[in-house]
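First comes the structure, then the notes that go with it.
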Amino acid sequence: MTPRKKLKGLVAATITPMTPDGKINLTVIRQYVDYLVNEQNVKNVFVNGTTGEGLSLSIQERKQLAEEWMCQGKDKLDHVIIHVGALNLPECQELARHAAAIGASGIAVIAPFFFKPTNKDELVAFLQKVASEAPEVPFYYYHIPPLTGVKIRVEELLDGIKAQIPTFQGVKFSDTDLLDLAQCINKNETGEFEFLYGVDEQLLSALAIGADGAVGSTYNYLGRQTNLMLQAFAKPDFALAQQYQFLTGEFLNFVIKLGFGVAQTKAVMTFVSGIPMGPPRLPLVGASSEFIVKAKAKLDSIVWPKGD
């Protein structure tokens, strides 16, 4: 395997742009890449995940999106991680082979969530069958029990996993169980694995216990501010880092009360970036005009530290 840059810092969980009639809109991906790099200082992406409505897309659409992100991100992005999880093993394997063929920096897989693995051994067996289809591509487990219902602790999963999945590189940890995350990081004494936190409003807590970085939807439009939080934390200027986290939390707390999900994230990204993200795919429905007005007013009202 060729030497690779460590995956750390912010990773934008990319939105899938769609046309008004619900088809994927590949034409804006180049603009999207440039916006992330130049406006948000975010150079890593996680494609076809939850924010990207990956499980609502066809296999062909997911391949097209992966190819476009790889093409447009060439020489601009540091890492393009492709989520290849699906409800059945053959589709996961097909997507893993495709990601490897197009040169993805890594692949990630959620646990199947209709027929679910009930213990560590079942989950690892499934993940191994996917990872083995891309034997030279770093592999990440995407842990998101609030959506999958698979609550197998990552701390337990890590024991012996490298022997079964040699390409295992780390975890996208999208859960609020910071005890589990802390135990994982404590076990990772050699720094062999990467732990990327996926609950944006609690990122500072995860950084404090040793997370390497974060994968999240807000880094599409609050990447610049969150990068400043990371810089403050590294100095260390914990009081300044807190200010950034509290202000991000203030916005998210506000929109969560209005009803906040993928559809609303698409609307926020559209009015912040000016790039049309379009509607979500059914069964999700688009954000209301009332939500857009209120969310924009709230975001505009926030005064970030140091004039940012």
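Quick reminder: no glycine exception, Cβ is built from N, Cα and C everywhere.
What you see is a predicted model, and the numbers here were worked out from it, not measured in a lab.
Around the Cβ of Val215 (pyruvate binding site), the number of neighbouring Cβ atoms within 10 Å comes to 28. The pyruvate binding site annotation in TrEMBL covers Thr51, Val215.
Same-chain residues at least 6 positions away in sequence with a Cβ under 8 Å from that of Tyr142 (active site, proton donor/acceptor) are, in sequence order, Gly49, His83, Gly85, Ala108, Val109, Ile110, Val171, Lys172, Ser174. Annotated active site, proton donor/acceptor per TrEMBL: Tyr142, in sequence order.
Around the Cβ of Lys172 (active site, schiff-base intermediate with substrate), 27 further Cβ atoms fall within 10 Å across all displayed protein chains. Per TrEMBL, the feature active site, schiff-base intermediate with substrate maps to Lys172.
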(message) Give me the count of other Cβ atoms within 10 A of the Cβ belonging to Thr51 (pyruvate binding site).
(response) 25
